[in-house]
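TrEMBL annotations:
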- B:336-345: compositional bias 'Pro residues' (COMPBIAS)
- B:42-153: domain 'Plastocyanin-like' (DOMAIN)
- B:165-333: domain 'Plastocyanin-like' (DOMAIN)
- B:446-559: domain 'Plastocyanin-like' (DOMAIN)
- B:331-351: region 'Disordered' (REGION)
- B:1-30: signal peptide (SIGNAL)
Number of protein chains: 2
Amino acid sequence: MPPLRRPLRMLAAVLLLLCSLAALSVSAEAKVHHHTWDIAYRYKTLDCVEKLAVTINGESPGPTIHATQGDTIVVTVHNKLETENTGIHWHGIRQIRSPWADGVVGVTQCPILPGDTFTYRFVVDRPGTYFYHAHYGMQRVAGLDGMLVVSAPDGVAEPFTYDEERTVLLMDWWHKSVYEQAVGLASDPLKFVGEPQSLLINGRGVFEPFHCSRAPNGSSDAACNVPRPAGCAPPTLFTAVPGKTYRLRVGSLTSLSALNFAIEGHSMTVVEADGYYVRPVVVDSLFIYSGESYSVLVKADQDPSRNYWAASHVVARERNTTSAMAILSYAGNDPRAPPPTPRPEGPAWDDVRPRVEQSRSLAVAHPDHVLPVPPRADRALLLLNTQNRIGGHTKWAINGVSLAFPSTPYLVSMKRGLQGAYDARPPPETYDYRSYDIAKPPPAANGTVASAVYRLALGSVVDLVLQNTVALNNRSETHPWHLHGHDFWVLAYGDGKFDPERDTARFNLRDPVMKNTVALHPKGWTAVRFVADNPGVWLFHCHIEAHVYMGMAVVFEEGVDKVGRLPKSIMGCGRSRTLP
Amino acid sequence: MPPLRRPLRMLAAVLLLLCSLAALSVSAEAKVHHHTWDIAYRYKTLDCVEKLAVTINGESPGPTIHATQGDTIVVTVHNKLETENTGIHWHGIRQIRSPWADGVVGVTQCPILPGDTFTYRFVVDRPGTYFYHAHYGMQRVAGLDGMLVVSAPDGVAEPFTYDEERTVLLMDWWHKSVYEQAVGLASDPLKFVGEPQSLLINGRGVFEPFHCSRAPNGSSDAACNVPRPAGCAPPTLFTAVPGKTYRLRVGSLTSLSALNFAIEGHSMTVVEADGYYVRPVVVDSLFIYSGESYSVLVKADQDPSRNYWAASHVVARERNTTSAMAILSYAGNDPRAPPPTPRPEGPAWDDVRPRVEQSRSLAVAHPDHVLPVPPRADRALLLLNTQNRIGGHTKWAINGVSLAFPSTPYLVSMKRGLQGAYDARPPPETYDYRSYDIAKPPPAANGTVASAVYRLALGSVVDLVLQNTVALNNRSETHPWHLHGHDFWVLAYGDGKFDPERDTARFNLRDPVMKNTVALHPKGWTAVRFVADNPGVWLFHCHIEAHVYMGMAVVFEEGVDKVGRLPKSIMGCGRSRTLP
């Protein structure tokens, strides 16, 4: 398809917008979906090893929420954790006109106390593949998460077709508790819990000692004599009818791990990323980072007389975690029959290049669904990601500031003008990019812990350029950054150090895809642009749970004076306890 | 000393009261003690095995608070637990005119949220040996506790003398987390965490595999080649100067275990129980139950050329827990030299008789310090303790009611008249004591879970008769019952089933000691009397942490309309969130 010229593109965009509004305006058909959730600890055996999980109505992960664009979701949360609070974020939902429902404890609400009930109510205004998960301390690690699928309304065509769809939620899993992990990270010296023991696909995995691999001839090998403990569920099963095409809505809510997902013998066509249609890309395997979602089309076009592995592998960190295996079973086969092939091993964990290349190839919008990017930014923040030693503790910092959540949620303190409830001094807009050496850890004592906020002009166009460096161990990690309250255009993934004069010209202003989560690759940079048009206070953070816990986040405020009356239910902590 | 006749006893009591008032009235000398505490998880190695503890300023147990009768204690608590709340109870302090400072989450306050600060302020109106500890879920198990010692004012003589004093805090300790323990107890079927791994004396113990026992000749035995891990502290050391007399203030804050405490080769004279002077009793070893405190006098009158074991052993449950060993070292010896004798083994765990007999022998007030007991009760509650299966869960119930803490603290909901915030239907006053068979577990489906309250007439005299039974496993346990807001007279410990007509005549109305915690022995009964003269809402419960968590508690209200204006700081949960 030849590139549309600019006026045509603008026209297409306007049409898209009108279609979108038309879809929303069918309000007679918009539904309200009520869910009632008990949040409680339960002993679970997700990877065949029993440990506590924070569950929703007894399950981890929780149920997939299904809705149609324009519907309203109402979730009544009963906290039954006994002594621990909670808060639930609706990842990818922009919460337009409901910023108090974003579920980020310390940013948009006080925690939900044990014995208390909190109701989230929000509109899902865009079709796409989203999530929900705890957003409080490191509680997400304990398994409080799930998927949220918003379908396009009937009669609104998507730029691809398929016969059926499935959700594929990818997670990682530790045998130690969140508390052991979090306290270790906050200790001096840092005490790392280590790599996760298992990966999970739709909440199921098998810790390596209990894996029963099969030789290619289908006979069990010697390792098969380790009996699986009680409660050890069989692998997740995806059934397929030969010849049909399946849309897999694949999402990652890992706490640490970057992943590679693949289905043995089947290519995948990537068609959606974080709720936006991408220019279709055929891949053998999908690299996916925590907080990202993709829809891939898979055609059941292989030998239907056998089953196939669907595998999730760790990449970007040394692979000390058991890969997760699901089974793709063609109809008619024994659905429990293991594939005749050995468990796949996945790509080399430390090969960065294919990951960067796939990120770039997926950063292009579907030609019929290009949303025009504002041609220039009103403000650009150049955000240096560093690992610092601050006051004896290992922290992550952005331009030298490691975020500490205040005890009064920003949304309350900023809307109500509570002086001193957060650090009023704004964080730095940039860093000394000319002389800074990103190949070296930051100088000692370079960093502070603060609850500072970037205040954005309502409606302004903002560029965020994330600059990676090496951590204190001289390695450079992959950080998936997630923006609350907005989607952004992905303008570029660059290598090395970003140079504003040189690299701004490389931004894709023609057909960038929009997303809400984007990878910052090792020793590279990533540039995104968004419009600060959603009154509220919004977190932007690395989606690795340990990293945001260690301060790898910034906070944006825009138009907080335009936010409607705050519900009393988000208050009750810090200085919001005694507000009239 | 011949017994005083009644008029003389009354006169003595009045004089005591006057002395007490005189001591309090020296207000010019009353001090205010300020403490600032950070409550946070830390990795600790209390018994040589590293695990998380909830600490005060980094330590578990926390610091001993020292004050003098009439002083005011102010403790500013910063909750730094990240996602978990807290609340701290001042065990043995009656909180006269400060019922909101009792620190029981769900009864007298809302929990203290992470990031929030709460200030406890109260007067210590009686000398004695007291405690503080978490009173929220099962959080006490995690190590948030310590001692609170209130001295008699200068010039007020105690009925015994000594040269120096020491505190001895006894605890038990698990390697699994509070969460694992609590969720297991709430699971269907119940999943028991098992006996504690270690006992602790002043926060130190040695898990059995790391115990390095010594042969009597002082050489190390074969077990000594297990190296102790880093952070493993030496045993608690008590130093003594030959010929001097020491007051040991011994307290137990075990979560489960009944204990026997002894110092090898040294007898102990018990002189105080829960803040009251007892008729002195010489014992070889002290049986002590969770929530109890005793002062014992120990004279350093043995061979001063060697050291001695001071040991804490489990009794009343099969001994699967490593005993704790401290060292009593005579001045001049190597304080680290292990005693030349093998570690003592303690009394038979299952010999109930000496325990009951010691309870009885210690239930008599010091003859010069008899506080006259009201001759009759206005109301008597006969409280049957049973273990029940309710709704698939194993619970403890009192007269068939298993207590569930409401999400709005009773003190707030009752003072402010919040209808429906707790179960208004009063719990039963008694049970069918004529026909009930205490040697059998209760019939199935016999029990409810409720937040019901006994409402007591202000100033009335109330008898509480606790009746033990056998649990679902057909064993009868020892339950130490602790009353908040009051002390009670200990009227009798009986065997078998209490018969009001027969056994009331056996009450000691002549010289009973007062206490705040009393043992209910296996298959027996215990009778106490108190005056409901402290406006507020007060918990009465088994001090075994698992048992109160499973509902083994009742709530008393008296004169809540007389309670002064409630501080806003105790509100913020349940229906108290939105109170004006």
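Glycine is treated like the rest: Cβ placed from N, Cα and C.
Secondary structure of the region 'Disordered' (B:331-351) per DSSP (helix as H, G, I; strand as E, B; remaining residues coil): 0 helix, 0 strand, 21 coil. Broken down with DSSP, the domain 'Plastocyanin-like' (B:446-559) shows 12 helix, 54 strand, 48 coil.
Helix, strand and coil content of the domain 'Plastocyanin-like' (B:42-153), in residues and according to DSSP, is 7 helix, 50 strand, 55 coil. Across the residues of the domain 'Plastocyanin-like' (B:42-153), the predicted structure has a mean pLDDT of 98.
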